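Colleague: According to TrEMBL:
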- A:5-286: domain 'FAD/NAD(P)-binding' (DOMAIN)
- A:319-382: domain 'NADH-rubredoxin oxidoreductase C-terminal' (DOMAIN)
- A:424-470: domain 'BFD-like [2Fe-2S]-binding' (DOMAIN)
- A:560-621: domain 'Nitrite/Sulfite reductase ferredoxin-like' (DOMAIN)
- A:632-772: domain 'Nitrite/sulphite reductase 4Fe-4S' (DOMAIN)
- A:Cys641, A:Cys647, A:Cys681, A:Cys685: [4Fe-4S] cluster binding site (BINDING)
- A:Cys685: siroheme binding site (BINDING)
Amino acid sequence: MNKQNLVVVGNGMVGHQFLQSLADSGQLDQFNVTVFCEEPRLAYDRVYLSSYFSGATAEDLAMGQIDVYQSWGLNVLIGEAVTSIDRDAQHVHTNKGTTLFYDKLVLATGSYPFVPPVPGHTREHCLVYRTIEDLEAIKASATGAKVGVVVGGGLLGLEAAKAIKDLGLETHVVEFAPRLMAVQLDEGGGNLLRKKIEDLGVKVHTGKNTQQIVDGKDAYHRMEFADGEVLETDLILFSAGIRPRDNLARDCGLEVGERGGIVVDNNCQTSDQKIYSIGECALWSGRIYGLVAPGYAMAKVVVEQLSGGDKQFLGADMSTKLKLMGIDVASIGDAHGHTKGALSYTYNDQVNQIYKKIVVSETGNELLGAILVGEANDYGTLLQYALNGIQLPKNPETLIVPNFGGDDAETGLGISALPDTAHICSCHDVTKGAIFCSIEAGAQTVCEVKAATKAASGCGGCNQLLTDLVNHELEQRGVTVSHDICEHFAFTREDLYNIIRIEEIKTFDGLLSKHGHGHGCEICKPLVGSLLASCWNEYILDKPHVGLQDTNDTFMANMQKDGTYSVVPRVPGGEITPDQLIAIGQVGKKYNLYTKVTGGQRIDLFGARLEELPEIWKELIDAGMETGHAYGKSLRTVKSCVGSTWCRYGVDDSTGLAIELENRYKGLRAPHKIKFGVSGCTRECAEAQSKDIGIIATEKGWNLYLCGNGGMKPRHADLFATDLDKDTLVKYIDRFLMFYIKTGKRLQRTSVWMENLEGGLEYLRKVVIDDHLGMNETLESQMDHVVATYECEWKRTIEDEDALKRFRTFVNSEKTDNNIVFIQERGQIRPATEEEKAVAEPIKMIM
Amino acid sequence: MTKQSEWLDLCSIGDLVENSGVCALLKEQQIALFYLPAEQKVYAVGQYDPFGNANVISRGIIGSKEGKLFVASPLYKQHFLLEDGCCLEDETVSLPVWKTQIINERVMIQTV
């Protein structure tokens, strides 16, 4: 059979989804596929574009990958644009002179940002926000700029405002309509969103009609509005809507809409049967869909059509849920109540800044639409009511009024009420039935269901619903979904923390006898040991605590694969004197230890036998060093650059601050290890934004970043507060750390904790800065207690005869473990392999 | 003819750490000893971790699962029952075990 020539013009998100669906359908072998990608890179995620300024790279955003495309056998032409279509000859022509025959042509050319034609809109530093190249231009323009304005207060405009804000500019949003997000929100929702955005320091100007842009006095531009007011700014970003890129279709005589858009029918076919159009360039039933989910649906329709299927596009739900600058906003269906006879219920909580509205049918039976601002946990449930026409409860207002009683289960949507055909994830078109199939096929957790179905991996809006659904179904099937930490305590970590605090419990046995049962285990013992240390900070090798500690904490060193330990002295801020270096070197030499510089600016000494640890530490302590807690779920290091003391670019003394902070928080036990970084300027040589707590010097003080991670799952820290003086900085860190210690789950790093924190960064700001929970004084005094009771555990231990007995390899012999064997490699020792042990001459056996 | 078992004096109770482990040497054999003062009992199992190939078992945490006492290896966290040395993760693997008794503050171990 002859293969058909399939030409795809455009490789945006929808163009990519089309290729992915085609590959998934197994039809690739029936086509010679050629893809034209005009941009210099393949498809990337435009929905999360603003994350480019909060740390994501082009690679992070990438969706299409050249090696994957090639493995599918696609002919991919990057940076090549189709310039015309000859429908009679069935040819496309490109800007590089290529002419190509097509049997079938798919136009996925997307849209371009609409720039209102006000005089001055073509001036320098007037930009748009759509591509990575646009972002780079914005970044370049922002250098040296102080003020940035976004024209357009819709969904994209607010995303763009976040980008401007992330660049550190004073940010303004100028909107023509009387409120923000006028399409999705009503007045109440728009007002609250405005207040919340203004609280974040973004200035909002609504009802503003820009007349012209001229030279500014204090800034590069001056915007003049119809009402006579003016606004000076260095940078202007237009985000006032999109327009379909339909010029190719227009030029070759395809039918286009009056106001643009390539007209398509339910098959996504244009007026030429050989040509399809999908995504934001396509006009279906008189409307353009500017969201990604309908574009994906169109892509799937075309894949079906190509294989002779009869799937059709019959419109799409425009409901949406998103986080704008950390604020939850959602809009469902007929949010404005345009349906005849529609009635609405509104809940407006000015104290906690939450606005919710539902629109119901005349009969009160059906949910037509909804608006949620400030908290959108109910989005999934409400969307299901709306999409599936599920009968509303007798008092529909119970859906949005907080359930303080806690026992009224009727208000939540019984997940069992959803039909199997209910769409849980609209991005990837996953139904409740498909989710149950994946559980049937063996998925046992939410993660496994996600992996099997792709549900919740698009916009993520259905995450909560998916979690509820999966957990509910697993429970139905008798799988226990328990939040207890282990069989000995029917509590969460936070429950135990509160019990220990409130009842002032000082020992594991005390807690176990009152609130637990059995003997404990390797889960709950170290957990309780850590909680007791966080709260009371007693010596961890005290008799009641010693059996709770993991081997690393017990011997205050890190066990390696052969049962020997590594030793890390504290090097605060990475600052170390030559004498200390020599002392470490001498210890390494004397005990024949393998030495390596760590990522945290310290020196790790490997291969110490249990019985050598006290002698090693005695020598290190004599040289003025103390324990580095490399073994603990506790503060590790505060990494720093050299700062203004030496560096030509340094703005402040980062090393000095790092030392101060490391000395303040050393010894603090937490749910997991904690790392800090302090950089002396925005060049960020200390990589502070990849730490749990990152601090960067500014001209006016210190910027504080929280909850970053560089390890298994890298996460850029969130900018929490700017230009702080040192006292405020330390206060915020005190409160943040104690709040994390109180609420974190077992072995949960701050990055994951933040991802799961309801209300996110904004909520954390409320707690730490605004004292929303009224507990800041308590948090600070708890931290003061830990700081005041710090002692070097190793110093205490080498002075404690009883504790030292524990470091004997054998309680009844002076011999050493003859299973520990080292081999020389690159001038140092390393553990011998099992094979080497059988033959090698032992280097370090003292019998 | 069966071998005569005998009880050897291994160490004193004072050498042990309550609710935790230490290691003793019996000829060339390394033995992990766990002392549970509540039951006035000492458990003795092999010190060698068959998964990690290192002598570390005494440095694991002791706990219970459904009432049965175990030690969790400090290397890769496999559980071994203190009573019979059985590994909960892999029934084909077990640690050697010894009988013990406490006489006049001394820990006595039975050899075969």
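Cβ coordinates are placed from backbone N, Cα and C, and glycine is handled just like the others.
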Colleague: Could you give the mean pLDDT over the domain 'Nitrite/Sulfite reductase ferredoxin-like' (A:560-621), rounded to a whole number?
Modeller: 96
Colleague: For a three-state summary based on DSSP, what are the helix, strand and coil counts in the domain 'BFD-like [2Fe-2S]-binding' (A:424-470)?
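Modeller: Going through the domain 'BFD-like [2Fe-2S]-binding' (A:424-470) residue by residue, I get 25 helix, 4 strand, 18 coil.
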Colleague: DSSP says what for the domain 'Nitrite/Sulfite reductase ferredoxin-like' (A:560-621): how many helix, strand, coil residues?
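Modeller: Within the domain 'Nitrite/Sulfite reductase ferredoxin-like' (A:560-621) the tally stands at 28 helix, 14 strand, 20 coil.
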Colleague: Neighbours of the [4Fe-4S] cluster site A:Cys641, A:Cys647, A:Cys681, A:Cys685: Cβ within 8 Å of the Cβ centroid, same chain, sequence order.
Modeller: A:Val642, A:Gly643, A:Tyr649, A:Gly650, A:Ser654, A:Ser679, A:Gly680, A:Arg683, A:Glu684, A:Ala686
Colleague: Which chain-mates of A:Cys685 ([4Fe-4S] cluster binding site) that are at least 6 residues away have a CB under 8 A from its CB, listed by sequence?
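Modeller: The answer is A:Cys641, A:Ser679.
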Colleague: If we count other C-beta atoms within 10 Å, could you say which of the binding-site residues A:Cys641, A:Cys647, A:Cys681 has the fewest?
Modeller: A:Cys647
Colleague: Per DSSP, to which secondary structure element type does A:Cys647 ([4Fe-4S] cluster binding site) belong, with helix, strand and coil as the options?
Modeller: coil
Colleague: Provide the three-state DSSP residue tally for the domain 'NADH-rubredoxin oxidoreductase C-terminal' (A:319-382): helix first, then strand, then coil.
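Modeller: Looking at the domain 'NADH-rubredoxin oxidoreductase C-terminal' (A:319-382) with DSSP, the answer is 4 helix, 33 strand, 27 coil.
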Colleague: Mind tallying the domain 'Nitrite/sulphite reductase 4Fe-4S' (A:632-772) by DSSP state, helix then strand then coil?
Modeller: 52 helix, 35 strand, 54 coil
